Amino acid sequence: MHLYSGASVGAAEQQWAQASDQPTWILMQRAATAAQQVLAQHFPAELPVAVLCGSGNNGGDGLLLAANLHRARRPVTVWLKGEPRTGSDAELAHAEAKKAGVVITNDLTALPSPAVCVDALLGTGFQGEPRGAIADAIRWLRRQPVPRILAVDCPSGLNASTGAVGDPECVVRAGHTVTFIGAKLGLFTGQGPGLTGAVSLHSLQVSMDGQPMLAHLLNAEDLHWPRRSATTHKGAQGHVLVIGSGAGLWGAGMLAAEGALVTGAGLVTAHLNPACHSALLARAPEIMVRGDPVPHALQPRQTVVVGPGLGRDQAATMRWQTVCRLLTDAALPPQGMVVDADALWHLAARPFQRPEWVLTPHPGEAARLLDCKVADIEADRLQAAQNIQQRYDGVVVLKGAGTVIAHAGHCSVLPFASGAMATGGLGDVLSGVIGALLAQGLSASAAAESGAWLVTRAALQRAHRQPVVRATQVLDNLAETAWHLGFRAESRDSSALATRDASGRSIT
């Protein structure tokens, strides 16, 4: 599914009006009908409805919805902020609601409770912080049960184009969001996934053709997996070198190495602090361990994962500089490279570009890469990922709710968010998983998208039944999750083959 800005959706609406020679009022009627359908399908019918409306077209959608509900004999009350602009579609909707006999008030205490609540306060063009009576209405909605709140087009207080929130204490959290014409990026990344609830998209019979797409919302059909034929061997499945785990940071490199192993790398060698070798081998004896901090040279089909637990001291700096020299001086370039955690810290100190690498920053690391504040990253996660990609080349995986993956000319967004994943170590697992997919021949973009999807799905299997998911639990789920996603090995069993003589009789 394509993701758009609020401005692009508005342009499509005007383009439809010009091409069809019909007023946009018709689209407001269709939006109200769509919202009424969602309300009937997903919210309790025995409760009255409180519709909170702003004075713009988003409020117009709510006013028409209220008129429809009143005509259907559903108890409904409208809270309206101000008067719609003269000559606007919202003014027509206001007149329609009054004509239908809808009760309209500017007193929040007059709204029914308990009730199904409809947020039609602020539309997809809103940016910044809500103020005045609108802010009071949002705070009233925040005191209502989330499962009984329907947001029209987007939750009020959320920037529908970026997923940013101006005031975390003054934004609606809905149980369901019905959005129109085109899916807005901000519903699926940043703060959006935690505010929208379930999302329904209704096109209103308007095409988004010709409008610029911001990103693509990934689905399982977009993923790519390596082919493991029945006759393959470990040398054909690549060799991942994990460079990390300095003093006191042993676990990170271990998690990355095991992530690479479980995701199918033919060989995994861990260049980690010798103090953690015994612990790693006790858990995964298939992994080779080396005491030297960095390999002396690269061999065919080797992929480098550098950074998990690397550290930031002088020894870590020297290891990073050696890796950089290895990359730039090697006659044989790596199959691919994943740069994570502390390696990103070192990279930001002396930026350079490589087309084959995958950078996997969280927002804090992204801020250092761009020499800005974390708030600047969260204000527009898509733009931040694009800026990192332009500065450093390769593919960028900006982790967080609605992970953004950026490479030259294209961005994709993962449709996942879970508080259970807010724990250390998952990024280390991800770096190893992406490294293994690179080693097995996937492109950097395919490895980043499929790897991020795989790790998140493996975590969500646990998140459905526990509040926090540990990285080792994700490792334990990876293989089965990958199999269910379609990453499988071909097998051949000839044990049941019968041998027959010249007359056709079985002789086995």
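Going from the start of the chain as shown, residues are counted 1 onward.
Heads up, the Cβ atoms here are built off N, Cα and C, so glycines get one too.
Automatic, uncurated: that is what TrEMBL annotation is.
There are 25 other Cβ atoms within 10 Å of the Cβ belonging to N58 (K(+) binding site). For 57-61, 123-129, D153, A252, G309, H362, D428, the entry in TrEMBL reads (6S)-NADPHX binding site.
Less than 8 angstroms from the CB of D119 (K(+) binding site) sit L52, I138, L141, I149, L150, A151, V152, P155, S156, V172, A174, each of them six or more residues away in the same chain. Sequence annotations record features per position, and here TrEMBL assigns K(+) binding site to N58, D119, S156.
In the three-state DSSP reading, A401 (AMP binding site) counts as coil. Close to A401 (AMP binding site) in the fold, though at least 6 residues off in sequence, lie T189, G190, Q191, G192, P193, G194, F416, A417, each with a CB less than 8 Å from its CB. What TrEMBL records for K399, G400, A401, G402, T403, G427 is AMP binding site.
The annotation domain 'YjeF N-terminal' is assigned in TrEMBL to 9-212.
The average pLDDT computed over the domain 'YjeF C-terminal' (217-485) stands at 95. What TrEMBL lists as domain 'YjeF C-terminal' is 217-485.
Rounded to a whole number, the C-alpha distance linking K399 (AMP binding site) with N58 (K(+) binding site) is 32 angstrom. Under a cutoff of 8 A between CB atoms, and with a sequence separation of 6+ in the same chain, the neighbours of T124 ((6S)-NADPHX binding site) are G6, V9, G10, N58, D153, C154, A160, S161, T179, K184. Within the set of binding-site residues (N57, Q127, S156, T403), the lowest number of other Cβ atoms found within 10 Å of a Cβ is recorded at Q127.
Of the recorded residues, G60 ((6S)-NADPHX binding site) and G402 (AMP binding site) place their C-alpha atoms 30 Å from one another. Look at the Cβ of each of the binding-site residues H362, K399 and count the other Cβ atoms within 10 Å; the largest number goes with K399.
Taking G427 (AMP binding site) as the reference point, the binding-site residues whose C-alpha atoms are within 10 Å of its C-alpha, out of N57, Q127, H362, are H362.
G400 (AMP binding site) sits 7 Å from H362 ((6S)-NADPHX binding site), taking the C-alpha atoms as the reference points. Rounded to a whole number, the C-alpha distance linking H362 ((6S)-NADPHX binding site) with G402 (AMP binding site) is 12 angstrom.
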